[in-house]
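Student: I'd like to ask some things about the structure below.
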Amino acid sequence: MYLEQVKTELFEAQDVLNKFISNEQNIKLIQQAALLISDSFKQHGKVLSCGNGGSHCDAMHFAEELTGRYRENRPGYPAIAISDVSHLSCVSNDFGYEHVFSRYVEAVGQKGDVLLGISTSGNSKNVLNAIEAAKAKGMKVIALTGKDGGKMAGLADVEIRVPHFRFADRIQEIHIKVIHILIMLIEFEMAKIRQ
C-alpha cells in the first residue's frame, strides 16, 4: 500500500545525508564544534542549548546525553537545555516568547560557556536573541541551521548548516546525527584528561 512511499522517503533522507557528508567543510565544522565544547568543559565552563519544536527536543536530547550517558560510562558533563516550563511560561508571559532563551542566557551564562542554538530555518527570533545574549556574555556560539542559514548565517563561531530547502524534518534528521557525533567526540576528548 505505502511501500514505495516508504522507500522514497528513505532514499530522500539518504540523499540529503550524502550531500551533507560530501562537503568536507561540514566534517571539519563538526570537529571544531566538539572541541569548542570540550575546551569549555576543561575550563569548568558549560554548554546551554535551545531550539523550538523538534529542535527544542534535540536541544534537550543533547543536554541529557551529556549529563547522563551516551555510549561510555564517564562523569556527567555540565549541559543545560533551556527547557524549564516555569521559566518558559514566566518569560513568555512577562516579556514575550522571543526572550525565553536570552533571559536564561543572561541569568546563567558566563564567559567561556558555549551556547548551542538550533533552528532549521535559521530565523527563530528567540534563538537569535539567545545568540546575541551569549555573545554579550563572552560565550562561544555554535548554530545548527538549515536552508541558507537564515538570519543566523555568519553570527555563530561555528555554524553547521544543512542546505536543504524542502522540509524541516530532513534538516532535523541531519541535526540529530550531528548532535550524536558531537557527543561522541566530546566523550573522546574528555577521556584524554582522565587517562
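Cβ coordinates come from backbone N, Cα and C, glycine included.
For 37-195, the entry in Swiss-Prot reads domain 'SIS', with the evidence type sequence analysis. What Swiss-Prot records for Asn52, Gly53, Gly54, Glu65, Asn93, Asp94, Ser119, Thr120, Ser121, Ser124, Gln172 is substrate binding site, and it gives sequence analysis as the kind of evidence. According to Swiss-Prot, the feature Zn(2+) binding site maps to His61, Glu65, Gln172, His180.
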Student: Return the residue, from the listed binding-site residues Asn52, Asn93, Ser119, Ser121, Gln172, with the maximum count of other C-beta atoms within 10 angstroms of its C-beta.
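Tutor: The residue with the most neighbouring Cβ atoms within 10 Å is Ser119.
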Student: Name the residues of the same chain, 6+ apart in sequence, whose Cβ is under 8 Å from the Cβ of His61 (Zn(2+) binding site)?
Tutor: Ile176, Ile179
Student: How many Å lie between the Cα of Gly54 (substrate binding site) and the Cα of His180 (Zn(2+) binding site)?
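Tutor: Computed Cα spacing between Gly54 (substrate binding site) and His180 (Zn(2+) binding site) is 15 Å.
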Student: Distance between Ser121 (substrate binding site) and Glu65 (Zn(2+) binding site) at the Cα atoms, whole Å?
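Tutor: A Cα-Cα distance of 25 Å.
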Student: C-alpha of His180 (Zn(2+) binding site) to C-alpha of Asn52 (substrate binding site): distance in Å?
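Tutor: On Cα coordinates alone, these residues lie 19 Å apart.
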Student: Take the domain 'SIS' (37-195) and average the pLDDT across it for me.
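Tutor: When the pLDDT values over the domain 'SIS' (37-195) are averaged, the result is 97.
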